[in-house]
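So the structure is just underneath, and the comments pick up after that.
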Amino acid sequence: SFIGEESVAAGEGSILTDNPTWIIDPIDGTTNFVHRFPFVAVSIGFVVNKKIEFGIVYSCIEDKMYTARKGKGAFCNGQKLRVSGQEDITKSLLVTELGSNRDPEAIKIILSNMERLLSIPIHG
């Protein structure tokens, strides 16, 4: 099976089944792309039985290829990626994105989540 993010965003229905399925977003960061903001990627995932098996993200502007395979780890241009050892959230950097949905109910949820995040004493 095949699920394309751009077709789903255009209103076409899509149901994830247990069938092997490719999930592709050819312009991941469409809003960034439209505004010439240099964070755009091609994202591809492969799912079997509704569980991700592997994913590939190519950051076009940076010329970086991120790959990950279930149980095998994640890599950037072939180099193993590791999470930081930081366990204290007050010394962490928090990054978030608000999305493009302007439905009033969605905005309430987004702002509520942001309020909770802003109350955490994070580093930045």
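Count begins at 1; order follows the chain as displayed.
Glycine too: its Cβ is placed from the backbone N, Cα and C atoms.
As recorded in TrEMBL, the features of this protein are as follows:
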type: BINDING; residues: Glu5, Asp25, Ile27, Asp28; note: Mg(2+) binding site
Determine the Cβ neighbour count for Ile27 (Mg(2+) binding site): the number of other Cβ atoms within 10 Å of its Cβ.
16
Candidate with sparsest Cβ neighbourhood (10 Å radius) among Glu5, Asp25, Asp28, the listed binding-site residues
Glu5
